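According to Swiss-Prot, the features are:
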| type | residues | note |
| --- | --- | --- |
| BINDING | C137, C393, C396, C402 | [4Fe-4S] cluster binding site |
| BINDING | G648, M649, P650, G651, T652, G653, K654, T655 | ATP binding site |
| REGION | 82-519 | region 'Nuclease activity' |
| REGION | 520-1061 | region 'Helicase activity' |
Amino acid sequence: MERVDELELLMEKSFWQEAEPSAELFQKKKVEASFSKIVLSRGMDNRYLVLAVDIVQSEEGNHEKHLIITASQSLEYKELCILRNDWCSVPVEPGDIIHLEGDCISNTWIIDEDFGYLILYPDMLISGTSIASSIRCMRRAVLSETFRSSDPATRQMLIGTVLHEVFQKAVSDSFAPEKLQELASQTIQEIRHLKEMYRLKLNQDEIKQEVEEYLPSFSKWAGDFMHKHTSTDFPQMQLSLPSDGSNSNSTCNIEVTNSLDIEESIWSPRFGLKGKIDVTVGVKIHRGCKTKYKIMPLELKTGKESNSIEHRSQLVLYTLLSQERRADPEAGLLLYLKTGQMYPVPAKHLDKRELLRLRNQMAFSLFHRINKSTGEKTELAPLPQIIEEQQTCKYCSQMGNCALYSRAVEQQMEDSSVPTSMWPKIKEETQHLKPIHLEYFSLWCLMLTLESQSKDNKRNYQHIWLMPASEMEESGSCIGSLIRIEHVKTVCDGQYLHNFQRKNGAIPITNLMAGDRIILSGEERTLFALSRGYVKEINSTTVTCSLDRNLSGLPESTLFRLDQEEKNCDIDTPLGNLSKLMENTRASQKLRDLIIDFREPQFISYLSSVLPHEAKDTVACILKGLNKPQRQAMKKVLLSKDYTLIVGMPGTGKTTTICTLVRILYACGFSVLLTSYTHSAVDNILLKLAKFKIGFLRLGQIQKVHPDIQKFTEEEICRSKSIKSLALLEELYNSQLIVATTCMGINHPIFSRKTFDFCIVDEASQISQPVCLGPLFFSRRFVLVGDHQQLPPLVLNREARALGMSESLFKRLEQNKNAVVQLTVQYRMNSKIMSLSNKLTYEGKLECGSDKVANAVINLPNFKDVKLELEFYADYSENPWLIAAFEPNNPVCFLNTHKVPAPEQVEKGGVSNIMEAKLVVFLTSVFIKAGCKPSDIGIIAPYRQQLKVISDLLAQSSVGMVEVNTVDRYQGRDKSIVVVSFVRSNEDGTLGELLKDWRRLNVAITRAKHKLILLGCVPSLSRYPPLRKLLNHLNSEKLIIDLPSGEHESLFHLLGDFQRK
């Protein structure tokens, strides 16, 4: 699913949810934003709600923080948690969720420096790497979590990744020198590493040579720590484990016996941590005549042998993660691959305590990214304090964002404080930016953060551990009780094909479909998030998934669950684009000038100066097939120096126009980056383009690409041509003038070295500004294609919407009229249907492409026979509403249900109208009996509950497969007949949000080619301004027909009689 109607669901919820008593607000103020229900529990996985926080003074005169907490859903049974020593500094507040480790005696927990831990927001899982990096600078760690794409790839990172993989393969195979050479060669030839070499402009042979320098150390390490004859042959080390007791000798010999797992992914909702352990190894600790066996994390480092606090801290955190799967390892092993030197790292209580306190500080900063006080405006919260370590800042990858956030956000606050020594650096990093640029950054940063924190938009996965699969299955986003069948097939390194079946019975009804991203977990609590991947194939008995880990090592009896990986609001990419827009580069400066400063776009005067002589005949031939507005669009784009906006009104052949534009640009020798928000929109253009034998490169995950386009994907080309060298990959990237991807695919390495002559963005009016920005950095000129009179960008958060987040870049730039070309000749609607949109939205600009289009009516070959039946059952010729609805020569009618009556029903599930639903089914069944194909009929309703009611009634009737969907799903598509059920009908004047949106109404009334039937209660719908305007027009044209008054049961009887016939 690419673009779903979450906005509609959100608006529906806002209508039928009751207001909560203010007394309960404090309990839910943050919890509700994280999860729809407060899930509390005792025991090992306890989750407590904090009800009150007090600072008290102990008898010894020390300050303590006393928390009144409860694990009771009814909030009746309360307990006390006493925080002592440094735990007092944990920024815990009423309404927070916490997890406690320790002992509870007489309903009292005591957490102090010697015993116990408190985990704040345990459902927020933070990586061990992030926490370790926060030791030197908490601000950098928080920025890296926020602006993820700003941490650039480096040569050393690539070499580190390759070395990790070689070591990990060797530990499961052999450390023989010739084997290591073979593994290194194979690993360097893998496409993902070649792509990084391309990004970083590296030489493949040089990288191979540098990797090979490490290999002797690999063999040395294996010789030292594996496969010796006696325990004394292993190196001596100093390691004391708590379980050995305080009197134990710390000297021991360490033997690594075997590798149990590679890149073991562990999520720990107990400690609020997540991470991937490089290698999980079995270790024998020989101490005198005693031997102890432990399973430990082995962390690999490729940089300088520092045994630094960050490196050691990572291992300490991995010991906590390991406890989710097995006994406490009490220590970990730190191996520097350059030298083969290995250090044991004990996990002492003090270290774990301080690291978990750091984790809590970081969680607090990430959770409280918004400051919102009652009656005050919402604003971004300040980040952790800027440190005064210029050497650390000098090499910090987040320095630009640090300074930018300080200038744009924090320095606008009254209590802003920046260390004096850092002022010159902040000024240097941001001096190229005007105040208006900083305001743009601050506003969009706020709106994106608000959107990401919407209840229906949180990118949290706590349902995996908080809700059983059986419950989640009801939502359609999960399948539980799965067992693995057949052998795991290795597609390539990092892709493993797994087949699953339900342990008992068939696969339940689900929303999961091929191409959907998923997270695979075990049903038991120790096996959260074992692997990530996507659904390859799904049917009633089997689910086939491509996963990033081979799970064949788990017992055959293991029960699994699949959870859909929702990415409704992936703000990493738009925040990265926003940050990039503020950079001091030529491309960013140009976009700031055009987008923020509204510099007038420039145009060339004569086509002859841009049209190559050899391309003139080809271009002229292509132009012959276009109408006048389309030809004007081609000319405007060719003459542009900056950008062009093409307004694609309904039915005007937007996709054909884009395809033609690409053909012309290709003929002129221009390079083109073709993008859109959805994969389907990109592929719709490519499907047309492929017919003209024009080559292109399609980027993106192959499972998301249309089957007929997959042969043009990078993945398929690399596979079919067996590309294993950087030279061949470069040749592929340089061979195609046209590259296509979605707006979210702009982190691909090709964009690090390629600038296109033109970037074309389809669906531009539906894409939020920071997302749309992404591809524009990589082109000299851009073309936005859309129509802001149709669906806007999807924004779930009301506050973000009110601040202006639904303004697309297309809408923002449309004020420069000289850059706008309108496509006004449409080939979809007949003249009567078109007139509605002309009156409502387009001020008479739309025109039919031909008389044939203007006069087209629905073809119903069996209509005469059906008319006779209707005459018999319903006195057809005496019923104006039946004539209006079914006569082919009446293309438009509004059936007013006010007198029927047809009241709405408001339930927890949403808003529906059973009478309208039955009318829709009746109308549909008549049209099908009259000879219309089910696939030529579209049913639209604004509320999901109504869609469900209509779908259920259709399933019970003899009607075939008719598409029932929301307006959002019909954007860009059409049907011969469209029936719209408006649902709302009440006496109390209640208004919902959905029908207030004139753009949705415009889309709804422009989907039909030959017949448009609107159903609703005129008095109720007249309260909505957009509908009032439409109804006034329909009334003036005498197109509103009142359904007969009287007992509505008799009408139901009539409909039933006809359907049974």
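From the backbone N, Cα and C atoms, a Cβ is placed for every residue, glycine too.
Each residue in R139, R140, L143, I386, I387, E389, T392, Q398, M399 lies on the same chain as C137, C393, C396, C402 and has a C-beta within 8 Å of the C-beta centroid of that [4Fe-4S] cluster site, without being one of the site residues. Checking the binding-site residues (G648, M649, G653) against C393 ([4Fe-4S] cluster binding site) with a 10 Å Cα-Cα cut-off leaves nothing. Residue density at G648 (ATP binding site): 26 other Cβ atoms are found within 10 A of its Cβ, drawing on all protein chains shown. Counting every protein chain shown, the Cβ of K654 (ATP binding site) has 24 other Cβ atoms within 10 Å.
Nothing from the binding-site residues C137, C396, C402 places its Cα within 10 Å of the Cα belonging to T655 (ATP binding site). For C396 ([4Fe-4S] cluster binding site), the number of other Cβ atoms no farther than 10 Å from its own Cβ, over all displayed protein chains, is 19. With respect to their backbone Cα atoms, M649 (ATP binding site) and C396 ([4Fe-4S] cluster binding site) stand 48 Å from each other. Of the chain residues outside the ATP site list G648, M649, P650, G651, T652, G653, K654, T655, T657, D787, L823, Q826, R828 have their Cβ within 8 Å of the site's Cβ mean position.
Long-range Cβ proximity for G651 (ATP binding site), meaning a same-chain Cβ under 8 A and a gap of 6 or more residues, is found for Q826, Y827, R828, M829, M834, D974, T1006. It is 42 Å from the Cα atom of K654 (ATP binding site) to that of C402 ([4Fe-4S] cluster binding site).
DSSP assigns K654 (ATP binding site) to a helix. Counting other Cβ atoms within 10 Å of each Cβ, the binding-site residues T652, T655 show the lowest value at T655.
Taking a C-beta cut-off of under 8 Å and a sequence gap of six or more, G653 (ATP binding site) has these contacts in its own chain: Q630, L823, Q826, Y827.
Nearest in space to G648 (ATP binding site), taking C-alpha to C-alpha distance over the binding-site residues C137, C396, C402, is C402.
Calculated from their C-alpha atoms, the gap between C402 ([4Fe-4S] cluster binding site) and P650 (ATP binding site) amounts to 45 Å. Cα separation, C137 ([4Fe-4S] cluster binding site) to T652 (ATP binding site), rounded: 55 Å.
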